[in-house]
Each structure stands twice: as C-alpha cells, then as structure tokens.
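As recorded in TrEMBL, the features of this protein are as follows:
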type     : residues  : note
TRANSMEM : A:6-27    : transmembrane segment
TRANSMEM : A:39-57   : transmembrane segment
TRANSMEM : A:63-80   : transmembrane segment
TRANSMEM : A:87-110  : transmembrane segment
TRANSMEM : A:122-141 : transmembrane segment
TRANSMEM : A:191-212 : transmembrane segment
TRANSMEM : A:218-240 : transmembrane segment
Amino acid sequence: MSPEISNQSLLFLIVFVVVPLSLSYFYQLGMSRSILTSSIRGTIQLFAIGYILTFLFDLNAYIGIPLMITVMIIIASFHARKKGRDLPYVLPTLLAGLIMIEVSVLSLWLLFDMVEFVPSEVIPMSGMVIGNSMVAMGLALERMKTEFAENNGRILAALSLGAEPKQASHLIVQRTLNAALIPNVDRIKTIGLVQLPGMMTGLILGGVAPIMAIKYQLVISLSIFSSVSLSAMFVTLVMYKHFFTKDKQVLESKEAFKEYSSRDNA
Amino acid sequence: MIEFKNVSYGPLKNISLSVDKQEIAILFGPSGSGKSTLLYLFNRLIDPEQGEIFYKGKPIDDFSITGLRQNVGLLLQSPNLFPGSVLDNLKYGPSLTGSWKEGDEKRLLEYVQLPQDLRDRDVDHLSGGQQQRVSLARTLANEPEVLLLDEPTSALDNNTAEEIEIVLKELIEEKGLTMVMVTHQLDQVRRMGTKGMFMNEGTIQETGGLPGMLDNPETLELKEYLEG
Ligand SMILES: Nc1ncnc2c1ncn2[C@@H]1O[C@H](COP(=O)(O)OP(=O)(O)O)[C@@H](O)[C@H]1O
Ligand SMILES: [Mg+2]
C-alpha cells in the first residue's frame, strides 16, 4: 500500500459514484441528482475538516484543543436537543452533561497516560466520545418521552397513592437506562468479530501494528462505553424532574388528562 | 368533610358541592361530563383554575400534598397496575411511608373478594375484573379516610359488584370513611348512595337524597338521562 493517496488516484473515486449513478439512471430511481450533490457535498465537507484539523494541529495544544472541544460540544448539544425540544432546560442539561463527560474522560486519559495532550490524539478521540454521547443522550430523551406517554396512567396511579415524582418515575428511569445500555453491551460483546472498529481499521491502514491499534481501540471503546452510560444516566436523572411541577403534578397534565380520559371513555 | 367552592378546571364549570363525613356521595351522569376530572381535583392530581377546595374545613393546599393523596385515596378508572406481582401492587402505597406489615395482603384480598393464592401472581396474568379489584385493594391499602372511586365495579359481573359494595359499606361503618363514587350503573346508584350528584356537561345539574332524586327528578336533563 502506498503511504499516501495521490490526487490523481483520488480522481478515480468517480468510478465509485458512477455505479449508484448508473443504477439510478437505468432503473429510473430519480436519485441521480441527489447522488451527485451528496457526493460532492461530502467531499467538500471532508476536505474542509481536513484543513481545519491541519490548522488546529499546528496551533498550540492549549489553544487548539479547548477551541475544538468547545465547538464539538456546542454542535453536539444543539443536535441532541432536537430530540427533546418540547422539554424545558434541555440545552443546558445537554451542555452540562457533555462538558462533565468530556472533562472526566480527558482527565482519566491524561492521568493514566493513555493519550498524549496533543491535538492529533485528543481531538479525534474526544470527537468519538462526544459524538457517541450525543447520540445516547438523544436516544435517552426520546425514549423517556415515549415511556412517560405510555405510562401516564401508572404515574398518575403512583402519585395518587402518595408517591414522590422520583418514586413515580422509577419504572420509567429504569426502562430508559435499560434501553440506552443494552445496545452498548451488545456492541462491546461482538467487537472485532462482526466488524473491525473504525479507528482500528484506520490505524492499521496507516501502518500501525495490529496489537498497537488494538490498544488504542480498547481505550476508545471502553471510554465510549462508559461515557455513553454516563450520558444516558445523566440526562435521564436530570430530565425526569422536568416532567413534574413543583406541586408533584404531571406537567401539562391538561394534555395528559385529555388523552388519558379519552382513552378511558373509548 | 369535603367542599368545593365555585371550582372550574378544563371541562368543569363553576362546581360547588359538599360531602359530609361518612356519607356515600354518588357522582353519576353521561360519559364525558367531567366526573373523573372532579375526582382528580380532590386527590390534587390537578389544581383548580378557579375556585377553592376545602378538606376538613381547611383549604386543600394547607395539607402536605403526598399526605393528602394518601389520606384521600383515589381509584382511577383504569387499573393502571405496576409491573410485578399482586403483592407488589398492594404494598406500594404503605411501603412509601414504611407502614406495610407482612400479612396485610390477606385482609386486602378478602376485601375485594380475591382468592389468597393470587398474591404472587404476575399482574399481566390477571383478568380485567381481577385487575380492577387489585387496583381497588391497592387504594384501600393506604387506609384512606376518604375514598374516591372512579367506576370501581365497571369490569365486574353483578354478583361480584354487589359483594364489593357490601364490603365498602362495611368499611364506611367500621372506619368512619367518607366516599365519593363515580358510576353510571343506575342500580348501583340506588343501592349504594346516600347523596346523589348528577353531572352534565361539566356542571352539577342536580343534587339530592338517594334514592329520592331518581324517583322524582327535578331537572329535565336528569329526567332525560334516567329515561336513557
Ligand atoms: N384540561 C382539560 N381541558 C379541556 N378538556 C378536558 C380537560 N381534561 C379533560 N378534558 C375533557 O373533558 C371531558 C370530561 O372528562 P372526564 O372527566 O373523563 O369525564 P367522565 O369521567 O365524566 O367521562 C373529556 O372529554 C376530556 O377529554
Ligand atoms: Mg370518567
């Protein structure tokens, strides 16, 4: 394998686009346009990130790293917020959660000498931690909303028996965390068997010895595992409170009751 | 014991009512008239938009909210059982205050006419009628002073319903309970109630002694409802 892909070779990537393009053409899928634009857009995005990373890597680590991590956390928070726009205090909760996770993971990496404090190591590794945490938080938010809607009657029953909101939502918190953790346990269990993890693949292609690549992969996989668990837990434990008023009533119970009683009457 | 003064909330318009200690007040009327909503207000699952509710002569929000909810037990219209066994459900309320004693379930299962061996049954494996009775027993487990029951026997056959009515009446005698019960079974209104409140389109249209008001309805709406 050549150490570097030349620009001429890169041009032949066109071939890989021609395949779906002709498929769309012959079967009249009407997707030619979006195949073209998305390929071009993806290429531009990647090169832009490449230049930004080059710029950051050349900066002083104490400027480049905080700068990039701040940007990543802000983008990730706004993205995860889409899953819970209708809930109060979502953005500050997500921001706080991501900051807490990134700071603790990074401290551990540095403390145990797993990662060097240079942009080329910290930024991509943090990107994976933040990205995965963002997805987990979004899923937790979504799941929590569904669980609250589906279990509205049980929550009312628990409250009516004198339960605190915390006790009344115990079941929901449990189910949300369960749903957030199961796919991660599965992923760790089959790691390396079904699919070589992306980072390891990259390192091996870059010429790193497989055992070395595996060490890095272990660090990142377990870091992701723990930050994903933590982010789901954080979002769930902070957000469930906002489904209740200070009088221990279900928030927007008007809406909830309307649905609940119309289901009853049906 | 209970007093509503010009209470409005959502579908309810300007409700005033009072229920005395040890009275069995029956709320009846067409579906969608606001009966369930009225019960939620009194357990403070919701608060009035206007007006005031009094309990034992004091504004209802003078009481601690969880204490009030335990004291004014509410049976919701659907069973809404928690996942787990019958026993898990029965001890839920008392466990919140640490007042559950082992063996308490025997008496509760008797109240609602369920066999003792249902104790450890998963609630998913109960019939609709059994679920409704577990739900009633779960409300009774808190030993409330006031019972708000939303169609407690709607899923039961007539015999079981009448047996439970007898148990409820005994509880009222023995423990001096007060009860507000929602039903739209007219024979149950007749058998159970001392005071009737006829609800229609979010208001209490007519109040009277039972069974008197069923035999001599004053308003046209109640007359039409009875002729059904
Ligand atoms: N906050 C609210 N605002 C407007 N309508 C409501 C509200 N809460 C409940 N409703 C509606 O009011 C009606 C009365 O509900 P409900 O109390 O369940 O009546 P009932 O128990 O007599 O059948 C229902 O149609 C319900 O959908
Ligand atoms: Mg109802």
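The first residue you see is number 1, and the count goes up from there.
Here the Cβ of each residue, glycine as well, is placed from N, Cα and C on the backbone.
Residues 84, 87, 89-90, 93-94, 96-98, 100-101, 104-105, 108-109, 114-115, 125, 128-129, 132-137, 139-141, 144, 165-166, 169, 172-173, 176-177, 180-181, 184, 187-188, 191, 197, 199 of the same chain lie 6 or more positions beyond the ends of the transmembrane segment (A:218-240) yet place their CB under 8 Å from a CB of it.
Distant neighbours of the transmembrane segment (A:39-57): 17, 64, 67-68, 118-120, 123; these residues of the same chain sit at least 6 beyond its ends, with a Cβ under 8 Å from one of its Cβ atoms.
The stretch with the most CB contacts under 8 Å to the transmembrane segment (A:87-110), chosen from A:63-80, A:122-141, A:191-212, is A:122-141.
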